[in-house]
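Notes for the one structure printed next.
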Amino acid sequence: MFMASSLPVFIFLLSLPHGLTFNCTNSGVCIEKMKQHRTEYLKNEILDQLNMKEAPKGLKPMDPEMKSVYLEMYRDLLEKDEQDMGVEMSFYTAKDPSYGENPSQLVAKFDVTNDLERSDILQATLTVSIEIPAKDSGMLQDVQVQVYEKNEDGSMGEMVTSGIFATKGSERISIQLPIDTVKSWFTISPIQGIFVKAMLDGRNVALHPQQTTADVDNMRLQLSTRPKGSRKRRSHAKPVCNAEAQSKGCCLYDLEIEFEKIGWDWIVAPPRYNAYMCRGDCHYNAHHFNLAETGHSKIMRAAHKVSNPEIGYCCHPTEYDYIKLIYVNRDGRVSIANVNGMIAKKCGCS
């Protein structure tokens, strides 16, 4: 048990976890400092959750056309978001297992680094570029696509899947792969890679890594995975106040984060997002605010009973949402992950 005289120190220590926000007036300088403080906090959280000690450096600039592909993909992902926390999407660009020594052997290898023994694969998608001669472009044609395993000795293995696609020219097509088969490739039954057969007029029009040096034309494997046992629904932030109509009380305000402006061009999408921030004065029994029922709040009530003028409440987020990021990791691989705690949804005083 502690004496009443030690109460202010104890309360100060309890306030430290809420150091993301601090009481300040509507001073522009103070508000800018708060924005910088929260931005730095969010940057550190992103790095921590992506298992990075620092932002990747020395990465090759992404081809603008390839970046457009990922941005379009990001928009599609948001539209059909399953509202699952813990889901990670990873993209693997095909490699030549012979490293150019045997260009006549068409095979695509994918270096999957995910621990698939401890994860469930939700979806496996192979994206392939098909190259149609200019003379045949503009005319709708059916192309039958077949995906085969290539055994470790280089021999042709089993057919994995097939499909028929209507095309008017060169384009990228996506075909779903059997989840159990894909998981076995990277766990119990390793293969050399895959071979794609897309026949048109007696010619295979599917591009393999031996036939192109452009990332945008190369094959890509997209895996959606979730650690076993994790599932959680998301919700959305609702701003309460704005800069033009500021509240004197604790309130939620916009905070736009632009990744290129903070020097983080390794974040591919979104280019910017609203993280929101909590700020404003907290007064006990203020007419515009209900204090959070926490142990901290009870101690603060005790502080008010001893009428200590130096003790105040801290305005801080009480609910958060995640953000989906497409980013380039240290190895130069493009991945997608949901990063928790990136959007403040609701404010409280304690």
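Cβ from N, Cα, C; glycine included.
Positions annotated as disulfide bond by Swiss-Prot: C241-C251 (among others). Look at C241 (disulfide bond): DSSP puts it in coil.
Taken from Swiss-Prot, the feature disulfide bond covers C250-C315 (among others). In the three-state DSSP classification, C315 (disulfide bond) falls within a strand.
The disulfide bond annotation in Swiss-Prot covers C278-C347 (among others). There are 26 other Cβ atoms within 10 Å of the Cβ belonging to C278 (disulfide bond).
If you look up Swiss-Prot, you'll see C282-C349 (among others) marked as disulfide bond.
Annotation source Swiss-Prot lists N-linked glycosylation site at N23, citing sequence analysis.
Positions annotated as signal peptide by Swiss-Prot, on the basis of sequence analysis: 1-21.
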Original post:
In whole Å, how far is C315 (disulfide bond) from C349 (disulfide bond) when you measure between their Cα atoms?
Top reply: 5
Subject >> C250 (disulfide bond) to C282 (disulfide bond) - Cα separation in whole Å >> reply: 6
**OP:** Find the one among the disulfide-bonded residues C241, C251, C315, C347 whose C-alpha lies closest to that of C282 (disulfide bond).
**Re:** C315
**OP:** Which residue among the disulfide-bonded residues C250, C251, C315, C347, C349 has the fewest other Cβ atoms within 10 Å of its Cβ, if you could check?
**Re:** C251
Original post:
With every protein chain in view, how many other Cβ atoms are within 10 Å of the Cβ of C282 (disulfide bond)?
Top reply: 21
Original post:
Including all protein chains shown, what's the count of other C-beta atoms within 10 A of the C-beta of C241 (disulfide bond)?
Top reply: 18
